[in-house]
Amino acid sequence: MLPPSRRDFVSLTLSESGSYTDSKQWHRQSCWRIHAFRLILPSLCLCFSDGVVGEHGYDGKQPFVVNLKNEYKSILPEPPSEKKDYRRRGLPVLQNRLQTKTNVSGLLGVENQRLDLNNANKGSEEGKPIISWRGAVIEEEQASDTDTKDTEIQDDPASLAHAESRLEAVREAFRHAWKGYKNFAWGHDELKPISKSHGEWFGLGLTLIDALDTMWILGLKEEFAEAREWVARALSFDKNVDVNLFESTIRILGGLLSTYHLTGDSLFLEKAKDIGSRLMPAFNTASKIPYSDVNIGKGTAHPPQWTSDSTVAEVTSIQLEFRELSRLTGDPKYKLAVMEVMKQVHKLDGKQDGLVPMFINTNNGLFTHQGIYTLGARADSYYEYLLKQWIQGGKTENELLDDYLLAVEGVKKNLLKKSTPSGLTFVGELSHGYFSPKMDHLVCFLPGTLALGAHFGLPADHMELAKQLMETCYQMYAQMETGLSPEIAHFNMHEGSTQDVEVKIADRHNLLRPETVESLFYMYRFTKDKKYQQWGWEILQNFNKYTRVPTGGYTSINNVRDPANPNPRDKMESFFLGETLKYFYLLFSNDPNLISLDKYIFNTEAHPLPIWPQSE
C-alpha cells in the first residue's frame with residue numbers, strides 16, 4: 001500500500017467494527033450508510049475523474065518528464081476512460097467454503113489495517129469479519145437484499161460506486177505489487193516479496209515489460225512514466241544471455257507491441273523490432289521447427305541440453321506476435337517463419353481427432369512422445385492460437401479454423417467427462433487410450449476461448465460448453481479451503497464420492513495464474529451475467545487474504561488447502577501483473593469498448609494486439 005502522500009485515489013469506509021448479528025440493527029445502519037454515500041458520491045466522482053484519461057497517442061517527440069503531482073503536460077498519452085453506467089443484476093447463489101477463523105500469524109507477518117479493497121466496497125454491502133492467516137482482519141463480502149433481486153438498475157449511484165470500487169481495488173492491488181517490485185526488484189525479472197529480493201531468468205526486466213500495458217489500461221500514469229523511463233534508458237537486448245523463444249516472445253515482444261499500439265510511442269516499436277530480430281536464429285533448423293532457446297547477444301540458438309524436442313505449445317504460440325511484427329515493419333520474414341511452423345503441424349500425422357501430442361522434434365519436424373493428449377501444459381495455447389490467428393487475420397485463413405473446429409470436436413469426443421457428485425463438466429487427459437480425470441488450471445483458458453469463437457460466429461454449442469467449463473473452473477477455487485485453485489485438480493468419477501475435486505499433495509500450489517480470471521472476463525463481456533464478476537471478486541479477495549505480502553507484492557503459495565498456513569513460495573510471477581490483474585480490471589469494467597474484443601485479440605500473455613482490417 002502506498003503512503004498517503006503518493007495515493008491518487010480515495011478509499012471510503014462506511015462500516016464500523018464488530019459483527020452485525022442483529023438484522024434490524026444492520027438495516028438501520030445500512031440506511032444511514034446509503035444517505036451518507038449519496039452525499040459523498042459527488043465528491044468521489046470529482047476525485048475519480050482526476051484519473052480518467054483519454055485516447056490520445058504519444059508522438060514520441062516531446063521530452064518525457066514526470067510531474068510528481070501526477071499531472072502531465074503534453075508528455076504522455078492517456079489510456080481509455082472507464083464507462084460509468086451499467087445494468088445491475090442479482091448475484092448467484094455461491095457455494096460456501098470452509099474458512100478459518102483463527103487468528104494465525106504466518107510467515108508474511110501481521111497487517112494491522114483492513115485492505116482498501118474491502119473498505120472500498122462497503123457502500124452497498126456489508127461483510128462478516130473473519131481473521132486471515134496473517135492476522136489481518138478481512139471483511140468477507142456477502143450479498144445484500146438488493147443484490148439477490150433480479151432487477152436491472154440504470155445509472156443508480158450506488159451501483160456506479162460499487163463498480164468503481166472494484167476497479168479501484170484492482171488498481172490498489174497493482175500499486176501494492178508494484179511497490180514491492182520497485183523497492184526490491186527494480187529492473188530485474190521477478191520479485192521475491194518474502195525475502196525482499198529479486199529473481200533473474202533472462203535479466204531483461206520481465207515483470208516491468210509484462211506490466212506496461214496493464215498500467216496503461218488501469219490509468220496508472222505515474223507508474224507507467226517511471227517504467228517507460230527505464231525502458232528508454234536501461235533496457236538493452238545486447239546481452240550474452242540465453243532466452244526461451246516462447247516466453248520472451250509472449251512476454252517481451254508481445255508486451256512491447258501491445259504498449260506501442262495503445263500509446264503510439266515509437267520507443268516500444270523500436271524495442272520490439274530489436275528483440276524480434278534477435279529471436280530469429282531460433283528458426284535456423286533443418287525442419288524449420290524452431291529451437292527452444294536463443295542467445296540474443298551471440299545470435300545462436302539451440303535445443304535444451306536434455307532433448308532435441310520443442311514443445312508443441314511453444315512453437316505454435318508465437319505466431320500472433322511475429323505476424324504483427326511483419327505487418328508493422330513491412331518485412332515478411334517474421335510471418336513467413338512462424339506460418340511455416342503452422343503449415344507443417346497442420347499436415348503432420350500423430351493427431352487424434354484434431355488433438356496434438358505435446359512434443360515435436362526440431363531435427364525431423366515430427367511429433368514425438370505420441371499417444372498423450374492434453375489441453376494443459378505443453379499443448380494448451382496451440383488450440384488458443386488456432387482461433388486467435390484466424391481472428392487476427394480477418395477470418396480468412398481457413399486451415400486454422402478447420403484445425404480449431406476439429407480440435408474442439410476432439411475434446412468433446414475424447415477428453416470431456418462429468419464429475420460426481422455434482423456433475424461438473426471437466427477436461428481430462430488421454431494417455432495411450434486410457435483416460436485420466438486430471439485437469440490443469442491452465443485448461444481454464446478454454447471457456448474464454450470457446451466463448452470468443454462463438455462471438456465470432458462459431459457454433460452456439462461452443463458457448464454452452466464454455467458456460468459449463470466456467471462453472472467447473474470456478475469450483476476449482478470454491479471447493480478449496482482458501483478459495484484459491486490448485487495447479488492441478490483430479491475429478492472424482494466414482495459413485496458415492498462426496499467431493500468433486502481432489503488434489504494431490506504435490507499439486508496444491510497456486511502460482512497466481514490468470515486463466516480462470518481471463519475466462520471470467522470473456523464470459524462477462526459476452527453474456528453480461530453479473531455472476532462472473534462476483535466470482536472474480538471472490539477470487540481477488542482470496543488473493544488478498546492468502547498471498548498479499550505487507551511490505552509489497554504478492555506471493556505464490558504451496559498449499560491452497562491449508563488457510564492457516566498456505567506456505568508462501570516467495571515468488572511473484574511477472575504474469576500476475578501482466579495478466580491476472582489486467583483481466584480482473586477488464587472483468588470489473590462495464591465498458592465494452594475498453595479493449596474492444598471486436599478490435600483487439602489478446603496474446604497468451606494478455607497483451608492486446610489489433611485485429612487486422614479485412615483488406616490486409
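From the backbone N, Cα and C atoms, a Cβ is placed for every residue, glycine too.
Residues or ranges marked as active site, proton donor in TrEMBL: Glu247 (among others).
If you look up TrEMBL, you'll see Asp380 (among others) marked as active site. Residues within less than 8 Å, Cβ to Cβ, of Asp380 (active site) and separated from it by at least 6 positions along the same chain comprise Ala313, Thr374, Asp440, Leu442, Val443, Phe445.
For Glu487 (active site, proton donor), other Cβ atoms within 10 Å of its Cβ number 19. According to TrEMBL, the feature active site, proton donor maps to Glu487 (among others).
Sequence-distant neighbours of Glu515 (active site) (same chain, 6+ apart, CB under 8 A from its CB) are His441, Leu442, Val443, Cys444, Phe445, Cys473. Taken from TrEMBL, the feature active site applies to Glu515 (among others).
Cβ-based neighbour count (10 Å, all protein chains) for Thr604 (Ca(2+) binding site) stands at 26. As annotated by TrEMBL, Ca(2+) binding site applies to Thr604.
What TrEMBL lists as disulfide bond is Cys444-Cys473.
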Integer Å distance between the CA atoms belonging to Thr604 (Ca(2+) binding site) and Glu247 (active site, proton donor): 10
Distance from Thr604 (Ca(2+) binding site) back to Glu487 (active site, proton donor), taken between C-alpha atoms, in Å: 18
Cβ atoms near Cys444 (disulfide bond) (within 10 Å, other residues, all chains): 29
